[in-house]
Every structure is written in C-alpha cells, then in structure tokens.
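What Swiss-Prot says about this protein:
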BINDING   Cys176, Cys179, Cys200, Cys203  Zn(2+) 1 binding site
BINDING   Cys192, Cys195, Cys222, Cys225  Zn(2+) 2 binding site
COMPBIAS  347-369  compositional bias 'Polar residues'
COMPBIAS  482-494  compositional bias 'Polar residues'
DOMAIN    20-151  domain 'VHS'
DOMAIN    260-279  domain 'UIM 1'
DOMAIN    304-323  domain 'UIM 2'
REGION    229-264  region 'Disordered'
REGION    340-369  region 'Disordered'
REGION    482-517  region 'Disordered'
ZN_FING   170-230  zinc finger
Amino acid sequence: MSRWWNSNSQFASDIEKATSETLPAGSEEISLYLEISDQIRSKSVDPKFAMRILKSRIDHSNPNVQIMALKLTDTCVKNGGSGFLLEIASREFMDNLVSILRSPAGIDEDVKMVILRYIQSWALAVPDTNSPLSYIIHVYQNLKDGDYEFPEPSQNITSKFLDTETPPDWTDSEVCLRCRTPFTFTNRKHHCRNCGGVFCNQCSSKTLSLPHLGINQPVRVCDSCYSLRTKPKGSKSRARNERKFHAKTRKTPSKPVTNNEDEDIKRAIELSLKEMPQSREPPSYERPSEANVVISQDQHLTEDEDEELKRAIAISLEEAQKSSQKDDNVTAPNNMNISYPSVPAHTVSTDIRSSPFSGRPSDNPSTLISTADADNITLYATLVQKLKKLPPGSIFTEYQLQELHENMGVMRTRMMRSLGETMSKYNGLIQALQKLQTCMRLNDALIEQRLSSTYAHHYIDSSMDSNRSIEPEPDVISTVRNSSTIPQASSSSVPKIVVDSSPVTENPPSHSDVMGQKDTISSYYSTDTDVSANVMGNRHDEVVFSDTASGEKNTKLNIDESTNYYNTDSIDKVGEPFDEISSGYDDLMNGNDKQGNDIPEVQEASLIEL
C-alpha cells in the first residue's frame, strides 16, 4: 500500500511538473504528457485519482497553469483509455468545468475558449448519446443553448479520436488456455498483459514491452503474443486469428476438449479426487505426487520468477514431509487398553475407545480448513509480498488479489467462530481434567487408608499370637538325683511340678559368663526371698536354682541357659491327685525329700511380661 501511495505521489509530482507556473506559455513538454497518459493507460495509476489531480490543477488561479492542465487533460483523454474517459465524462469533472465558465468573479478569455473547444471536441467524438460518455454531450448541448459561442472545429472529429488501445481486462479459468493444464496450488495462474488470458508458467514464461498499450517496461506475455509481437511484419491475418482465438477462449474458458489426451487427464483427476478421502495426509498440504510436479516445474523457472514464491513452496513441502512423519509416529492401534496397578479390592481398567475424553475427530465442518482455503491463504500472503516489488499502481491490476481479500474477510469470520468453539471445548476438557485429578487423589487417599488399617490389624493379630506362643509354662525344675517323683495335681489352676531324674551332664554357667549376657536374670530375680507354695501356685514364675552339690552357691542363671541346662516337662504330662502334690510340695520347700536328700534352694523370680 505504501508503494501505491508513493506511485500516486510520483504521478502528482509529474503532473505538477508538466503544468508548472514557471513554464512559459506554449512550451508544453509533449513527451512528459505522453508519459503521464501511458501511466494512466497501463493502469499503474487509478483513473479517478488522475482525474482529481488534473481537476485541482484546472482550478488553479494562474490562467497559464489552467491552460496547460486542460491541454494535458485532452492528451490523456485521447491516450488514457476507456477508464479515464469514464472519469472525465462524470458529473464531478464536467460540472467543475461548467462552474469555471459561470464563475461570478469572471474568467480569462483564453481559458474560456480552451474549455469550450475541448468540450466541443469531446462531445463530437462521442459516438452515441446512449454511451456511458453521453453526459459530455448533455453538457455541450446545455452550454450551446446558454448563448456560449463555440469555435469552429479545426478538423473533422470522429470517434476514432477516443479509440485507444488499452491493456485488456483479465479473464479467469480453471485450466491453462494454451496447454489445458489444470491450476493447482503449485501450478499457479499467470495473466498475459497483452491479451489478458490466463496461462501456466510454462506457457507464459517470456517477457516483452508493450508500447502500444503504454507499457514500456518488460512484462509477462504468453507464448502466442510473444511470437506475434516479435515475428516480422506481413502476417496480419494470423494476428487477427490469434486475437479471435483469445476472444473465443475468454468467452468459453472452461469448454472441454474432446481429444484423448484431455480425457486421460480428466480421468486421472477424478481418480485422484476419489483417493483423496482415503489419504492419511492432512488437507493443508499437497500429496507427494504434486511435490514431484513442483520439482519438475521448478527446473523450467525463468529469472523473472519470484524467489520468495520458490522459498514459500519449498517451506510448505518441508512442512508437509514433517507432518507426514509425525502422523506415522503418532498413529497407534485403536484397541489399545490401559490398565492401572492392582490393589486389594480395587482394580481399574479403562479402554481408550470407551473413554469420554479420548481424542476423536471433530464432526463439525466449521472447525476444519479445507485444502482450497489453505491454498487461498498461502496465495494471498504470497501476492501481498510480491506486490511490494511490482511497479507503482500494480495493486489496481491485481484483480485476483482483490477477490482473495474479500474471501479472506469471510474466511476470517468462519475461523474466529471455529476458534471460539475450540476454546470452549478446551475449557471443558480442562475442567474435566481437574475433576479427574481430584477423584484420583481421593481414590489414592482411600486406598492408603484401607491399606494402613489392614496392615495395623494384621500386626496386632500377629503380636497376640506371638505373646501366646512365648508365654512360659508354670513348670518347676528339679535336679533330684535319686529319681524321686513328686505327685502332681490334675487341676490346671494349681501349678504342677515334675521332677527330672536324669543326671546333670554339664556344669551350669559360671557367674562371669552370666554377667556378660545382655539380658541377665539378676535384675528380675531375688535370691534372698523364699518362695511359698501359695505364691508358686498362683503365679507363672521362672525360677533359678543354686546347686550346693556342684560347689557354686546361688549362681544367677540366664533364662535361656537355665531352660537348656535343666530338663523341663510340660504340666500336661502329670495327672496326680492334689493331696499328694501338697505333701510333696511342703517337703520340697523345707529342703528335704522323702529319701532325706538335700534339695536346691528355690528362689522366687518376677514374671517377665512380654
């Protein structure tokens, strides 16, 4: 847009230079006049903008400037083309000339005569009153009826004065007008500046200047126009045939051809369209087969081809290859299951297909971008970038860019709506994810609580079992050597005593060995107190003996060592009456048995509570 404004500024400066106040009267620069008219005819400058610049110079207060501006306007009318003629024939320009003629402040006679002469010549050159230029005739008749005297025309004026060959309007087609190749994202459209037809790059790769159209710089032309403009003169009939061919082609651009080659191309296109839904590639880029077409076409690119377009195509192809590789890596089996670790009474197994949050393709077509939309976006961006390098005013000749601009507005609305829907879905998924995380945390806490209670209960049960298993039996140890037996009571409530008659095979541990143990019996037993029968029958006590016969007095023994040292029998092996155990018990406590032998002194021990 800045280039377009700069081009308009340059055009305004050229007009100001051609109608400068410093120029003497009658010293018009015809070459500059023709250059300005060529800019208008080549559509490098908007005709309306050119008309308003000339109108501002005609309204100048200097009569010399007004006359030169009128002469420049007449030159542009005869050489500027039909677009500029329509602007001159508008009410804006013609009414301004009438207002100058009828100015209350008066008007210079030379300026008045120049205005009347040009209005008369333009009106006489208009072929018909029904033409778009008929307002010039209407103004001419009103001035003629208003007692304005027009000068006699210096020559016979016909409509040929206004016939100017201008660049044709561009046509559109889905196939190349020369080779009938369909246009795609990579096979772009190109318009011939001479005939206005649309061709592919191979059929319009040549450039040529067109001075008869006011285009002095080399521009793109098709091969047919290039051969017509460069061949020797003398073949006018062939040139007319070529013009007729282009005219017929523009009228029927999509007319099918009947030869076998075109039919094969059509069948190939239909097959490719049928295979397109089965393709796994995203719709935003072309298939590899079209990439090969790009490579083959890039070999025929000429120096005038836009380098930025080449880079854009190369980048798009690289992105297409990367996207295809990512799709191959991401694709996974649809029947894949996810199983979580098992815990007691809790087993979780989910299926991706049954998950409400599993990734599924959207069925809403408004959220998808078709291949045509992606191509239009890329083409629009490419044309905008290319417009910066084109000559000033080329934006008015880029009709395709204007159409794409309108399409971008509609597409922007659709994409904004799709973006809103996508954001709503995203927010919903975020909320669902937060709820899922909360549920997972609660589930983990419940599992940990249940495991803790289970382990604690198991620990208590095992402790109780161990206490029962290690509780000492109320057995009384004896080392009577004469194998005398003391009768035991059958009741389980009274301690029962069994006397072991086996001889002692080894000496009890010494005092120094017992004191070296970690858990000694000295802290739990008292060797100075006698044990009564009643206390012995009511408490489960562990006892130690001092064997006077062995030579050691009151030796303190460890519990484990004493158990290993003496032979102990369970109380269940004895079933003697209670009266016999009472008498035997009294004798044992007094230190004598029935045979009169000495008995080791029995000392009371405190029960170790486990």
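Including glycine, each Cβ sits where the backbone N, Cα and C put it.
Everything Swiss-Prot records as a feature, shown here on the structure.
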residue	record	DSSP class
Cys176	Zn(2+) 1 binding site	coil
Cys192	Zn(2+) 2 binding site	coil
Cys200	Zn(2+) 1 binding site	coil
Cys222	Zn(2+) 2 binding site	coil
Same-chain residues at least 6 apart in sequence whose Cβ lies under 8 Å from Cys222 (Zn(2+) 2 binding site): Leu177, Arg178, Cys192, Asn194, Cys195, Gly197, Phe199, Cys203, Ser204, Lys206
Under 8 Å by Cβ from Cys176 (Zn(2+) 1 binding site), counting only residues of that chain that are 6 or more apart: Pro182, Phe183, Val198, Phe199, Cys200, Cys203
Secondary structure content of the domain 'VHS' (20-151), with strand meaning DSSP E or B: 88 helix, 0 strand, 44 coil
Binding-site residues compared (Cys192, Cys203, Cys225) - highest count of Cβ atoms within 10 Å: Cys192
Proximal but sequence-remote residues of the same chain as Cys179 (Zn(2+) 1 binding site) (Cβ under 8 Å, at least 6 apart): Cys200, Gln202, Cys203
